[in-house]
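Annotated active site, proton acceptor per Swiss-Prot: K40, Y265, in sequence order. The N6-(pyridoxal phosphate)lysine annotation in Swiss-Prot covers K40. If you look up Swiss-Prot, you'll see R137, M312 marked as substrate binding site, on the strength of sequence analysis.
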Amino acid sequence: MVEGWHRASRLVVDAAAIRQNVKKEIERLDPQSELFAVVKANGYGHGLIPVARYTEQAGATGFCVAILDEALTLREAGFAEPILVLGITNVKWAALAAEKNVSLTVGDVEWLTKAAPQLTAEHPLKVHLALDTGMGRIGFQESDGLNQAAELLTNDPRFVFEGVFTHFATADEKDPTYFNLQVDRFHKLVDTLPEKPRYVHVSNTATSLWHAACNGNLIRFGVGIYGMNPSGTVLEPPYDLQPAMTLESQLSFSKLLKKGRSVSYGATYTVEQDEWIGTVPIGYADGYPRCLQGFHVLVDGHFCEIVGRVCMDQLMIRLPHEYPAGTSVILAGKSQGKSISMTDIADYAGTINYEITCGFTERIPRVYKNNDIVK
């Protein structure tokens, strides 16, 4: 996608905030535990390579991604740390993963038997076995299949049994009932293994923040890197998470609309008195949700309502008085003591903060501050 460097809209990513969030979490961990930075989905929209570098600087000892392509991109950028692909990879790429020293997630024995002929003992494939303890997504549910896979990995020099893990569905909720059920299922399955792999891990950001007693020796730290609360506003984190992303723009146009004039597609907003309306060059093609009509942005410390439907490339706001083109607009971030968070946007849109940042498209340039890394 073409990046819009010749318009005012920018995503400003704070390297210092990312480093601080990672360091704060590492300080809470057992000395024997490692933190792998989850940088999938273009670093939750913040930029894969820059975020990987910042987290590496802060003490992350490895990375988690969703797909093999993300892992290969990290390798091509020169990262030598361990990389775990959390999703299931097509078995035909097993040899490539082994060659690039990328660890893969496996959830059934058949995958291993199909992969084995492609592999060599000189370049063994590192494997983490996924356990489905209640997420209903991927992994072994019963001990028989788990132990069959573990035995194959242990006895075949073409594999390295590197890890076993699960993922919790409700670690960010107040009611611990289902979480505790998953913990119990995980321990019962792992306890059947005659020999444990190097990594036994369960903790995403939410688990590590609110259920640290469950931490294994590897933490998959994700949304916390970016300063977002995985529970939204349901639970308070044990330390202040520093938001790493600001979405800013400028007024591209400002005009006085007379009483009775309407704004945007569908004419869903009609001014009831003469009003100053500003246009901001950002829209749903940039990942700013179309449903945010009625939400607000910040101009000069004022909350300004988004009026009319959000367009593909532009949106309109009601101004308290005249402002010239070029006036700063904060869509997410701070202005004169007031703020709009990604969670605020998500709550209005009926979704979660992760989806908001992941949804910002490449058309919005990412600008990095507090670091000398240039995209």
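Every residue, even glycine, has its Cβ placed from backbone N, Cα and C.
Here the features listed in Swiss-Prot are painted onto the structure.
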residue	record	Cβ contacts under 8 Å, 6 or more apart
K40	active site, proton acceptor	C64, V65, A66, I67, E70, L86, G222
R137	substrate binding site	H167
Y265	active site, proton acceptor	G308, R309, C311
M312	substrate binding site	G283, Y284, A285
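R137 (substrate binding site) carries neither a helix nor a strand DSSP state and counts as coil.
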